[in-house]
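Q: I'd like to ask you about the structure that follows.
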């Protein structure tokens, strides 16, 4: 082997590794991991007999379907992502992967995940997965995200469906308890994303994305965060009434829900996002001091960070109780 070939081989290997990493990032691994976790929770919370191989196939298909949605989203949103500091480093806007490659990968993985889930497990689960992919990639990405301030409210349904897919994979049905898990994620989504949008409002405004703070302002956004947090609290407690959650879940949802409400109240009472409100030309109208600006940003960041922990804890409690055989409370039975 010549010295030149010895030097180029590591470079080629490094380039190929980076290429695979770009494709992996295209599938939004953070979002995919949450989807897999909630889908697995739905599958096991059903407490139904399912062969381990079929369970693994179901979870894999959910993961691939989520990744396919992410790839399609990144393909279509490349123009928006390029304008936002938070997203301009993604593979497509950064020029690491061509848009048509991302689109092709998304379509192929979508078809494979749905068909494989249908033939190997059942068609109800496959149908729900197909609906989720289409709703996220088409209804949310191509329409809602660019046209309405309610984009993440309505579009949140796509991210909320994995527990129902998992439950359907295990049982061939999707009863009330499956949809309670969907409802938890659905009503969790607005305060979670609006808390984020309060401290990246400028990015969204620059990209022309009609997030609530951009269209209605920071004050209205803070009101909506508190409203949805108040709605979320009883919904998170409801699984203990229907035979889904046990004592561990009750403790987690109750205590965690109170902390969530406290953090939502702090955001509501703060001036988070006021200084960046793109609708107001004269910032003096808001009379926001630097200390108030920093305190508001901190309140929004704290809620955003805790919301992730809270959702994880809720589903971890359901998953843990199902795996260990902790008996649900069934307070309404």
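Using the three backbone atoms N, Cα and C, a Cβ is placed for every residue, glycine included.
Sharing the features that Swiss-Prot gives for it:
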TRANSMEM  31-51  transmembrane segment
TRANSMEM  52-72  transmembrane segment
TRANSMEM  115-135  transmembrane segment
TRANSMEM  152-172  transmembrane segment
TRANSMEM  178-198  transmembrane segment
TRANSMEM  223-243  transmembrane segment
TRANSMEM  244-264  transmembrane segment
TRANSMEM  303-323  transmembrane segment
Q: Honestly, do the transmembrane segment (31-51) and the transmembrane segment (223-243) touch, with at least three Cβ pairs under 8 Å and pairs 6 or more apart in sequence?
A: no
Q: Under 8 Å between C-beta atoms and at least six residues away from its ends: which parts of the chain pack against the transmembrane segment (115-135)?
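A: Residues 54, 57-58, 61-62, 65, 68-69, 72, 155, 157-158, 161-162, 164-166, 168-169, 172-174 contact the transmembrane segment (115-135) from elsewhere in the chain.
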Q: Are there residues at least 6 beyond the ends of the transmembrane segment (178-198) whose Cβ is under 8 Å from a Cβ of it, and what are they?
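A: Result: 38, 41-42, 45-46, 152-153, 156-157, 159-161, 163-164, 167-168, 204, 211-214, 218, 221-222, 224-225, 228-229, 231-232, 235-236, 238-239, 242, 244, 260, 264, 267, 272-273, 296-297, 300-301, 303-304, 307-308, 310-311, 314-315, 318.
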